[in-house]
Each structure stands twice: as C-alpha cells, then as structure tokens.
Amino acid sequence: MWLQLLLLLLAPQGGHGCHGLELDRELVLAKVRALFLDALGPPPVTGEGGDPGVRRLHRRHAVGGFMRRGSEPEDQDVSQAILFPAAGASCGDEPDAGEAEEGLFTYVFQPSQHTRSRQVTSAQLWFHTGLDRQETAAANSSEPLLGLLVLTSGGPMPVPMSLGQAPPRWAVLHLATSAFPLLTHPVLALLLRCPLCSCSTRPEATPFLVAHTRAKPPSGGERARRSTPPLPWPWSPAALRLLQRPPEEPAAHADCHRAALNISFQELGWDRWIVHPPSFIFYYCHGGCGLSPPQDLPLPVPGVPPTPVQPLSLVPGAQPCCAALPGTMRPLHVRTTSDGGYSFKYEMVPNLLTQHCACI
C-alpha cells in the first residue's frame, strides 16, 4: 500500500497516461491550463475585459532582432531600418570658420547586424538644409547644391546619388545601387557638402538614413541543393514489400508512446500575458499498456508455448499505466507581462514536458 502511494506521488503531473486510444484536445488543453496556473498563478487582470493592457511585445527574439512570420514567403521578408548618426557635426566643435564656411558635415552611422546581413533594395539620406524652395532652385541652377562623400581607408570617395522630392527645407539623397554595399560595413562615415546650408543643433533637424532590405537569396551551393531532385528509391525486395504492405491499423499506434501537441498561448487566451514564446510543443504520454511483445524478440517456435511478456511495473499486482518516467520531465521557460508590455518577467513552469514514457 505504501509503495503504491509513493508511486503516485512520484508520477509527474504533466505526463499522465492511462487514456484511451483517442485523447480529446480539450482535455489536454485543460490539463495544460491547470499546470500553468499551478506554477505561475492566475493571469493579471487590469482592465474591464480581463486583459492586462493593450501594449504588445514585438516578436523580435530571433537572431538579428527580427522574426519572420512563418506564413510569409521568403521573397516577402522585407524590412525598413532608420539609422540616426552616432556622431555628427557639432556646430560648437568646428575648428575654424573656414571649415564652417565650406559647409562640410560629417555623420557616422552604425548599421545593425540585421541590416548588414540582408540585401539592401533602396537607401535614402534625409538632410535638413534649412533652405526654402526658391533658394534651393537658385543654388541648383549654378552648381549642385549637395555633394556626398564616404570616408574610406584611401580617403574620401564620392558616393553616387540623386536628389528626390522632399519636404520644405529638407533634401532627400537617393543612393545609387552601387552604393548599397556601404551599408554592409559596421561603421559608415559620410561627408555631406552643402555650402549654403547652416549647421543646426535642433533635434528635429537631425539627419537620418532610411534603408529598405530583404532577405538575401540562397547561395549557389544551397540553391543547388534545393534544386537537386531527390535520389530514386533504391529497388530491393525489402523495399518492394514495404511499398506493397497494407495500410496500418489505428491499433498499431495504440501502444504506450510519447505524443506531441502544438499549443499556442493565443488558443489558451493568454497571449497578452505570456508573450514569449508564442507557442510550444507539449509532449505527453499516451496509449495503452497491452501485452504485445517487443519487436526485437525472436518469433515463436512451433510447439513451444510463448513466454508472456509483462510490462514494467513498480508495484506487483497493479495495473500498468502509460506515464512519464519519474525524474525525466523538463521545464518550460516563458516571458510574462502584467502591465501590457511595459515590463517583463522570466518565469518557469516545472515538470511540463515529457521526455520518456513507459508502462509503470
């Protein structure tokens, strides 16, 4: 009696078995809800509708800062990055009046790893000139108003660009395609020449760089691997028998095994409470504990009675049950918010994911 009670206490709560052949999804979800509420407590309620706020955490936990939606094709994986200068020209730090009259402005940009790892499709530099349209037209009639250089190890080099439409007192410099590789460097130092422009320290006049990127196409080797047709099935008597075998009966998967179910927190109604991960694979034990012999045992010999195979049982005389082996459960780490996304908390749900199942 005491041994049976000890077994029940040691059996993990997340790996309950002894279910029939068909396990209802709602039953699994109800069990998962109970496990989460037991570990984390009830979700916070701050609004009338029971939601902890409307601010959501952007799904940017992938490498590079962005996560692509699984339903979007690869050619639709586009993004836009706005870069502000890490160090710009300061009107109070200019060495002499000659440089100020020359109208040379230096801006240093630091593209992120995400931007450098992608293919740039367009790039524009927005610069506040402080000139109205008439002054801009008069300056362009005599000589180019703006010039763009990049600082390299060999000295300043011109950057091919063209002027586009811009709001009043602003200029938009569209970088040519040949200049897109500049955004793949960790540091980008641009020299902008504008003799008629005045230096401004106002925050709203800060220049910025806009880059549109998309995922790089696969390399030649990877493309070749994707386009290579699969090898034909090698013919053999065993392969022929495998192809000609009848379909398996549902009872073939009725034995004790580890089952999996993809559960999203939106389905549980907790997507505004548990913000990461958005979903997880829930493993649990399922199936019966019949007396079918293992596949590695020898076939029965005619005239010799077969030896009955008993499942593993920790309690003699007890009915075996498909359950997780004690001590083999793994936790799930989640990120939660109680104020709508203004602060986050890392929490853990222990003994949730089943690793090994057995009839015990």
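Note that Cβ sites are derived from N, Cα and C of the backbone, with glycine treated the same way.
Feature list (source: Swiss-Prot):
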SIGNAL    1-17  signal peptide
CARBOHYD  ASN140  N-linked glycosylation site
DISULFID  CYS256-CYS322  disulfide bond
CARBOHYD  ASN262  N-linked glycosylation site
DISULFID  CYS285-CYS357  disulfide bond
DISULFID  CYS289-CYS359  disulfide bond
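Taking CA atoms as the reference points, CYS285 (disulfide bond) and CYS322 (disulfide bond) are 6 Å apart. Recorded residues CYS289 (disulfide bond) and CYS322 (disulfide bond) have their alpha carbons 6 Å apart, per Cα-Cα distance. A separation of roughly 4 Å, to the nearest angstrom, links the Cα atoms of CYS359 (disulfide bond) and CYS322 (disulfide bond).
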